[in-house]
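Working notes for the structure below.
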Amino acid sequence: MSLTQKIVILFSGEGSNMEAIIRSLHKKEFEGFQVHVVATLTNNPNAKGIERSKELGIPCEVIDHRAFESREAFDAALAQAILAHRPNLTVLAGFMRILSPLFLRQIRAINIHPSLLPLFKGGNAMQESYLSPMKVAGVSVHYVSEELDSGDLIAQEAVGKIEGESFEEFKARLHSLEHRLYPEAILRVLKEKVTL
Ligand code: GAR
């Protein structure tokens, strides 16, 4: 019987990465282990991803950060909700909240960011990367650390810019790169743990 590697996915908006992860990994067998997406969580009661998650058969919990009086109180509730599922890994997929040290001491988390880190950190990365004079753009997957978009890199891939490409086209290309790269990176992290 193979091992089960449980993951919890956090998102704040569309949830397209969440969907890609569920479709490529959930209940699939990989060299000695099976991946189970045991829950999805969002801080945004209006996130489009909530419906997406339900349609994919994964219950989504909403923990609205606005209902808490401090970042620490929200992070404590979030950590508790995650730990209740006893996941091997927590996956941030467009989760737009900075997490406090209190949270990160309890939760091992990874994140995806739509730029070649350490360039273009923060919430406007795609736009900044599109407008920059650079000839390449890309996507990074990294461990979550206390500093925004700054933990150790797990995977990174570059794509060439195309002359005359609109921002919408550029965004769509980066998204499809994310949808392939993130599941691959998650598997790499889970495999390391299995062989430890
Ligand atoms: C993704 O492009 C992800 O890289 C980005 O948010 C988007 C979420 O899209 N994350 C960050 O900018 C983190 N700093 P999705 O909800 O469709 O997956």
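Note that Cβ sites are derived from N, Cα and C of the backbone, with glycine treated the same way.
As written in TrEMBL, here are the features:
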- 6-186: domain 'Formyl transferase N-terminal' (DOMAIN)
- Gly15, Ser16, Asn17: N(1)-(5-phospho-beta-D-ribosyl)glycinamide binding site (BINDING)
- Arg71, Met96, Arg97, Ile98, Leu99, Asn111: (6R)-10-formyltetrahydrofolate binding site (BINDING)
- His113: active site, proton donor (ACT_SITE)
- Asp149: site 'Raises pKa of active site His' (SITE)
Roughly how many angstrom lie between the C-alpha atoms of Arg71 ((6R)-10-formyltetrahydrofolate binding site) and Asp149 (site 'Raises pKa of active site His')?
18
Please go through the recorded positions Gly15, Ile98, His113 one by one and keep those whose C-beta falls under 6 A from any atom of ligand 1; give the result in sequence order.
Gly15, His113
Pull out the binding-site residues from the set Gly15, Ser16, Asn17, Met96, Arg97, Leu99 whose C-alpha sits within 10 Å of the C-alpha of the residue listed as 'active site, proton donor'.
none
Go through the binding-site residues Gly15, Arg97, Asn111 and tell me which ones have a CA within 10 A of the CA of Asp149 (site 'Raises pKa of active site His').
Asn111
Expressed to the nearest Å, what is the distance separating Ser16 (N(1)-(5-phospho-beta-D-ribosyl)glycinamide binding site) and Arg97 ((6R)-10-formyltetrahydrofolate binding site) at their Cα atoms?
17
Taking every protein chain in this structure into account, which of the recorded positions Arg71, His113 has the most other Cβ atoms within 10 Å of its Cβ?
His113
Cα of Asn111 ((6R)-10-formyltetrahydrofolate binding site) to Cα of Gly15 (N(1)-(5-phospho-beta-D-ribosyl)glycinamide binding site): how many Å, rounded?
13
Other same-chain residues whose Cβ falls within 8 Å of the Cβ centroid of Gly15, Ser16, Asn17, the recorded N(1)-(5-phospho-beta-D-ribosyl)glycinamide site, in sequence order:
Phe11, Gly13, Glu14, Met18, Glu19, Ala20, Gly49, Arg52, Ala93, Gly94, His179
C-beta crowding around Asn111 ((6R)-10-formyltetrahydrofolate binding site), within 10 angstroms:
25
Cα separation, Met96 ((6R)-10-formyltetrahydrofolate binding site) to Gly15 (N(1)-(5-phospho-beta-D-ribosyl)glycinamide binding site) (Å, whole number):
12
Please state how far apart, in Å and to a whole number, the two most distant Cα atoms are among Arg71, Met96, Arg97, Ile98, Leu99, Asn111, the recorded (6R)-10-formyltetrahydrofolate-binding residues.
19
If you count other Cβ atoms within 10 Å of each one's Cβ, which of the binding-site residues Ile98, Leu99 has the most?
Leu99
